[in-house]
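Feature annotations, courtesy of TrEMBL:
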type	residues	note
BINDING	G165, R166, S167, V231	NADP(+) binding site
DOMAIN	6-120	domain 'Tetrahydrofolate dehydrogenase/cyclohydrolase catalytic'
DOMAIN	139-281	domain 'Tetrahydrofolate dehydrogenase/cyclohydrolase NAD(P)-binding'
Amino acid sequence: MSAEVIYGSELAEQLRIEMKKEVTTLKEKGIHPKLTVILVGDDPASKSYVSGKQKASDFVGMTSDLILLPESTSEDELVQMITKLNNDETVNGILVQLPLPDQINEQKIIEAIDPNKDVDGFHPINIGKMLTNQETFLPCTPYGILTMLKSKNIEISGKNAVVIGRSNIVGKPVGQLLLNEHATVTYCHSRTKDMENYIKNADILIVAVGKAHFLTGEAIKPGATVIDVGVNRLPNGTLTGDVDFETAKEKAAYITPVPKGVGPMTITMLLKNTIQAAKNQSK
Ligand code: GUN
C-alpha cells in the first residue's frame with residue numbers, strides 16, 4: 001500500500017484564496033485586518049519564516065508590518081514596544097518571532113501581548129481556553145495539523161494519537177487539540193522508555209522532534225496517519241522532515257511531506273487568526 005500524501009501546500013492555497021475574498025468583504029465594511037510581526041536579531045531561519053508570513057499576508061490583502069529590532073534589545077524595550085501595539089487600534093494581531101535572544105524572558109514577552117491580539121495563541125489565557133475547549137486563538141501549527149486531518153475526513157474520535165515531542169508551540173497543544181476531538185492521546189519524548197511500543201499502536205502519529213529520519217516505516221502501524229512537523233536541513237542543503245518519507249509512505253494510509261506539508265498550513269492559520277482578531281475587535 002502506498003499512502004495518500006496530504007499536501008498542506010495545496011490546502012493552504014485553497015484556504016488563502018477564500019481568505020482573500022473574506023478580506024475584500026471585510027474591507028468594504030471598513031475592517032482592515034492588520035498583523036504586526038516583531039523580529040529581534042537576525043537569525044536566518046527566523047528571517048525566512050517572517051518573510052513567508054509577509055508574502056502570505058500580502059496575498060490575502062492583509063496589512064503586515066514588520067518591526068526589526070537589534071539583537072541587543074532589552075526585555076523592557078520589547079515590552080514597551082508590545083504595550084504600544086496593544087494600545088494601537090489599527091493593529092489586530094501581534095506576533096513576536098521566537099526564539100528570542102538570551103537576555104529576554106520569552107514567557108514574560110508572551111504574557112505582555114494582549115490576549116485579544118495574541119494570534120499565535122501562546123498567551124496563558126488563550127492556552128487555558130484551549131484546554132477547556134472554549135473558542136480562542138489556537139496555536140498555528142497544531143491548528144494547521146487539525147485542519148489537514150479534517151480536510152481528509154480522517155477519524156480522530158476514539159483513535160490512538162501519539163505525539164512525539166512536547167514543546168509548548170507544537171507537541172503539547174497538538175495533543176490537547178486531538179484530545180478535544182476525543183482521541184486517546186499519548187505524549188512521547190526524550191525520556192520515554194520503549195517508545196516503539198507506543199508508536200506501533202498509534203493510529204495518528206504526530207512527529208515533532210527535530211531529527212531527520214527519526215521515524216522509519218518499520219516502526220509504524222499499517223494504515224496509520226503520519227504527520228511530520230520536522231524541518232531539518234541536511235548537509236547537502238535539502239530540507240527534510242523527522243520521518244523517513246519513502247519507507248513510511250509504504251506503511252501509512254496518510255502522510256504529510258516536508259516541504260509542502262505542515263509548514264504552509266502554519267502560516268495560513270496565522271492569517272486566519274488575524275482575520276478573526278480583526279472581526280472580534282470590530283464588534
Ligand atoms: N518560531 C517558530 N515557530 C513559531 C511560531 O509559530 N510563532 C512564533 N511567534 N515564533 C515561532
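Easy rule for this one: first residue shown is 1, then count along the chain.
Keep in mind that glycine also has a Cβ here, set from the backbone N, Cα and C atoms.
Any TrEMBL annotation is an automated prediction that lacks curation.
Since this is a predicted model, take the numbers as computed values, not measurements.
Annotation for V231 (NADP(+) binding site): spatial neighbours G210, L239, G241, V258, P259, G263, criterion Cβ-Cβ under 8 Å with sequence separation of six or more. Under DSSP, the residues of the domain 'Tetrahydrofolate dehydrogenase/cyclohydrolase NAD(P)-binding' (139-281) split into helix, strand and coil as follows: 57 helix, 26 strand, 60 coil. In the shown protein chains, 16 other C-beta atoms lie within 10 A of the C-beta of R166 (NADP(+) binding site).
Each of the binding-site residues G165, S167 was scored by the number of other CB atoms within 10 Å of its CB, and the largest score is that of G165. Looking just at the domain 'Tetrahydrofolate dehydrogenase/cyclohydrolase NAD(P)-binding' (139-281), the mean pLDDT is 98. DSSP places the residues of the domain 'Tetrahydrofolate dehydrogenase/cyclohydrolase catalytic' (6-120) in helix, strand and coil in these numbers: 60 helix, 18 strand, 37 coil.
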